[in-house]
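Colleague: Take a look at this one; I'll ask things after.
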Amino acid sequence: MNKSVISLILGTICIGLAPIFVKNLSSDISPSMIGALRCGIAGSILLLYQLFIKKHYIKDIRFYSMTAVIGICFALDLFVWHRSVHLIGAGMATILGNTQVFYLLVFGLILYKEKVTLKKLLVFFFAFSGVFLILKGQVKFYKSEDFFWGVLFGLATGLCYSLYTTSIKKTTLLNFKNKITALDIITYSSLVTGLLLLVSAQFESGYSQVNITHLPSVMGLAVLCQIIGWSLISYGLKKAPLSVSGLIILLQPVIAKILSIYRFNEPYSSLEIVGAAILLICIYLGTRLSIRSSN
């Protein structure tokens, strides 16, 4: 297994904890403020590290333009995803958000001329079947209105998530005046996302102020998910095909669902277990197909 695949898997495990942290905070803090704290803190920590410890200064305007695009895409992603988590739970919202895998297949084909074989299409078909089974197993547990809006926000997350992932890959492949690392991308894009969501949070009311009890979940989102998780994923995206990257990132909803059942007693059915098993098998097969095609 090559370094890019290992990096993607480890990064996905880290961000798989994000829905749990968000759910911990969602009853007290507004959806946009959760995202603003996550990205604002992460971006600030990384900026201090880059400027004062690493002494790494980037003077290429194209880099800042690209990280602004990445930041906007991620702000949209968190805006809709946090609302989905609030309405239909951490596991379900994350599963819907990871429909990004289907958009990434198309983007990879159009933008990077990635080869799409019959075997890979079959893997994606079965992955979609797994997602469908998980959805079908959850419908009966939610009120119709909450379920409708939660699913809508979740599906919108999939599109925004895929745009975010694609824009990161695009940036890693460009040639800049300075040497650019995954950490550079996460630093400046996080600051853009944090600023946009902070503005959005000013229009959301009915939530309490952030206090010391929220600190573990906020820091978990900022450090473990945003800094460590997305730095690992950004590194892996540079060499791994977008289609396979999307399959590996499908590990996130499986992790989120298991932890949601344990932490919040979220309901589940036998259909979901079957769907999750199909997803895991598809991730493995998609990864193996990628390794063979690169040899």
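Our numbering is plain: 1 for the first residue shown, then up by one each step along the chain.
The backbone N, Cα and C atoms fix where each Cβ goes, and this holds for glycine too.
When I checked TrEMBL for this same protein, it listed these features:
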- 4-135: domain 'EamA' (DOMAIN)
- 149-285: domain 'EamA' (DOMAIN)
- 5-22: transmembrane segment (TRANSMEM)
- 34-51: transmembrane segment (TRANSMEM)
- 63-81: transmembrane segment (TRANSMEM)
- 87-111: transmembrane segment (TRANSMEM)
- 118-135: transmembrane segment (TRANSMEM)
- 147-164: transmembrane segment (TRANSMEM)
- 185-203: transmembrane segment (TRANSMEM)
- 215-235: transmembrane segment (TRANSMEM)
- 242-262: transmembrane segment (TRANSMEM)
- 268-287: transmembrane segment (TRANSMEM)
Colleague: What is the pLDDT of the domain 'EamA' (4-135) when averaged and given as a whole number?
Modeller: 87
Colleague: Residues sitting near the transmembrane segment (268-287): Cβ under 8 Å, six or more positions beyond its termini, same chain?
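Modeller: Same-chain residues near the transmembrane segment (268-287) but 6 or more away: 1, 5, 91, 120, 123-124, 126-127, 129-134, 136-138, 140, 243-244, 247-248, 250-251, 253-254, 257, 261.
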Colleague: Please report, as numbers and ranges, the same-chain residues at least 6 past the borders of the transmembrane segment (5-22) whose CB is under 8 Å from any CB of it.
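Modeller: For the transmembrane segment (5-22), the far contacts come to 34, 81-82, 85, 90-91, 93-94, 217-218, 220-221, 224-225, 228-237, 240, 244-245, 248-249, 251-256, 259-260, 263, 287, 290-291.
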Colleague: What does the DSSP secondary structure composition of the domain 'EamA' (4-135) look like, as residue counts for helix, strand and coil?
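Modeller: Summed over the domain 'EamA' (4-135), the classes give 111 helix, 0 strand, 21 coil.
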